[in-house]
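Feature list (source: TrEMBL):
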- 12-30: transmembrane segment (TRANSMEM)
- 26-263: domain 'Rhodopsin' (DOMAIN)
- 42-60: transmembrane segment (TRANSMEM)
- 92-113: transmembrane segment (TRANSMEM)
- 125-148: transmembrane segment (TRANSMEM)
- 168-189: transmembrane segment (TRANSMEM)
- 201-226: transmembrane segment (TRANSMEM)
- 238-258: transmembrane segment (TRANSMEM)
C-alpha cells in the first residue's frame with residue numbers, strides 16, 4: 001500500500017494553527033478592550049501568528065503536491081513544486097519561532113524590575129535576533145543557485161548534508177537553550193503564589209516545556225533528513241514538529257495574558273476571591289498583578305522602557 005502522511009501533516013499544522021489564532025484573538029481582545037494597553041509583546045506575537053497562518057497556507061498546497069508521500073508516488077513536476085513550497089516554509093517558520101521568543105522577552109521586560117534580569121532578558125533577545133539572522137542567510141545561501149533545492153535540472157552546488165545537519169542541530173539547540181532561559185528567569189523572581197496562581201503558572205510553564213520538547217523531538221528526525229533523496233517524505237515529521245513548536249509557543253505566550261478574560265467569563269473560578277488573596281493590595285505578586293492589569297502605580301513607575309498594563313480607562 002502507498003504511504004501517505006499528508007492528512008496527518010494537514011491535521012496537526014492546521015489544528016495547532018487554528019488554536020494559536022484563537023488565543024491570539026483573545027489576547028488582543030483583552031489588551032484592547034479590557035486593559036486598553038497594547039505593547040510590543042502583543043505586536044510581535046501577532047506577527048508570529050500571521051507568519052504561522054502564512055506557513056500553514058503554504059503547507060496545504062505542499063501536501064497537495066506530495067508532502068508526506070514517497071518520491072516514487074509523485075510526478076516529477078509535482079515533486080518540484082512540493083519541494084519548492086517546502087523550502088519556502090523554512091524561513092517563514094524560522095522567523096516565526098524567533099518572533100515568538102522575542103514576544104516572550106518583551107512581555108518579561110514589561111514586568112521585570114531588577115536591572116540584572118532586564119539586562120539578561122535583553123541579552124537573550126539580542127542573541128536570538130543574531131542567530132536567527134545567521135540561520136536565515138544559511139537557508140538562503142546554502143546553494144550557489146537556490147533553484148537547485150527543488151529543480152534537479154538547475155546547475156549549482158550546495159553545502160554537504162552533514163554541514164546542513166550540523167547547522168540544523170545548532171539552530172534547534174539554540175532554540176532549546178533560549179526556551180529554558182526564558183522559562184527559568186521568572187522562577188528566579190522570589191514571589192509568593194497562591195494555589196490558583198501556582199496552577200496557572202504550572203500550566204503555562206508546562207506548555208512552554210512542551211514547545212521545548214517539540215524542538216527535542218525535531219532533533220531526532222534530522223539524521224535521516226535527505227539521506228535517500230526522498231525529501232518530501234523525510235521532511236514530514238520535521239514539518240509537523242516545527243509547526244507544533246511554533247504554535248504551542250504562541251499558545252503558551254498568550255495564556256498569561258488571558259487571566260482578565262477568564263475572570264470576566266468564568267467569574268468565581270478565576271477572579272471572585274477576596275482581595276486578601278487576589279486583589280492588588282493582597283498577596284498578588286508584582287509581576288503577575290502588573291501583567292494582568294491590576295497592579296499599582298508605584299509598581300508601574302519602576303518598570304523601564306515599557307508602559308505598565310494597569311490602565312483600564
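Every residue gets a Cβ built from N, Cα and C, even glycine.
Small disclaimer: the values here were computed from a predicted structure and weren't measured.
Sequence-distant neighbours of the transmembrane segment (125-148) (same chain, 6+ residues past either end, Cβ-Cβ under 8 Å): 90-91, 94-95, 97-98, 101-102, 105-106, 154-159, 164, 167, 171, 174, 178. Contacts between the transmembrane segment (12-30) and the transmembrane segment (92-113): absent, as fewer than 3 C-beta pairs lie under 8 angstroms at sequence separation of six or more.
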